[in-house]
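Record features, source TrEMBL:
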| type | residues | note |
| --- | --- | --- |
| ACT_SITE | His87 | active site, tele-phosphohistidine intermediate |
| ACT_SITE | Glu161 | active site, proton donor/acceptor |
| BINDING | Arg86, His87, Gly88, Leu89, Ser90, Ser91, Trp92, Asn93, Arg137 | substrate binding site |
Amino acid sequence: MIFTTPYFSFPPISISISNKSPNPKLIPAGINYVIRCSTSTPGLPVTTERLRNDTPLTGGAYDFEKATTSLTKKVLDSPKKVTIVRHGLSSWNEESRVQGSSNLSILSEKGTMQAERCKMALSDMHFDQCFSSPISRAKTTAEIIWKGKEEPLVFLDSLKEAHLFFLEGMKNEDAKRIYPKEYTTWREDPSNFCVDGVYPLQKLWGRAHEAWEEILLTPGENFLVVTHKSILRALICTALGLGPERFRSVDINNGGLCVFKFNKEGEAMLQSLNMTAHMYTDHVYHY
């Protein structure tokens, strides 16, 4: 049987070849299916893909091989799922200060409540390991979420926030007034923000690659990561093959969750971005 569509993605479909088919959403055993994809643009080749007999055609992705480049350059022991959490609201978030890699900004009362909400929202999920930035606001968030688990927290320096030099600790309004050029570059053209020949985002991208390798090469299949917004942006972008110039193309709220799936080749698929239902309801995630 052949299906032909003018698009490269499929809407949810249900197929039943026989009334005896036990599950109309699954391809019946022994039947070969070929899906041909083409565009309406003349001259482009028709792409053909043969599906396994047990592949559910429910609109989900069948496979993502070669969708992104490998983050590990080596085969993993198993596919992985990684949930990344941004720390709860901090004291310097509330005071509108530039945080960067400073350890002086601590989890606020509201941030503690957000971390508790994250814990509850993930209570039905099993994680083999939790990795965290050692910086206070992320460390405390991770300790709240991971409390009661047998496995110890693993702190990675590669998950630390971007170092922003003299801007750290300054209120945003003061930084903009005292260092207008540097502050504006950081806010509007961050990939070109440079201090004494050092480009913080280039350093951040390097650490993001390092963090992914450390996480993905760890035995296990389901991991939790707790960190900061800038490094979280770098983790997302590096997983999707995006450079530092795309730094501000994604945003993550305090306590927001992002979920990645990785195949055994270390190639990523972004499954969920900035999930925040648990911040406003008692939602418990299952994925």
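Don't overthink the numbers, they just go from 1 along the chain as shown.
Cβ atoms are placed via backbone N, Cα and C, with glycine included.
Listed in sequence order, the residues Glu94, Gln99, Ser105, Ile106, Leu107, Ser108, Gly111, Thr141, Asn254 complete the 8 Å Cβ shell around the substrate site centroid, once Arg86, His87, Gly88, Leu89, Ser90, Ser91, Trp92, Asn93, Arg137 themselves are left out. Ranked by how many other Cβ atoms sit within 10 Å of their Cβ, the recorded positions Arg86, His87, Arg137 place Arg86 at the bottom. Across the fold, the C-alpha of Gly88 (substrate binding site) and the C-alpha of the residue listed as 'active site, proton donor/acceptor' stand 14 Å from each other. Ser90 (substrate binding site) sits 14 Å from the residue listed as 'active site, proton donor/acceptor', taking the C-alpha atoms as the reference points. All protein chains considered, the CB of Gly88 (substrate binding site) has 28 other CB atoms within 10 Å. For Glu161 (active site, proton donor/acceptor), the same-chain residues lying six or more positions away in sequence with a CB closer than 8 A to its CB are Gln99, Gly100, Ser101, Ser133, Ile135, Ala138, Thr227, His228, Lys229, Ser230, Ile231. Local packing around the binding-site residues Ser90, Trp92 was summarised as the count of other Cβ atoms within 10 Å of each Cβ; on this measure the leading residue is Ser90. Arg137 (substrate binding site) sits 6 Å from His87 (active site, tele-phosphohistidine intermediate), counting Cα to Cα.
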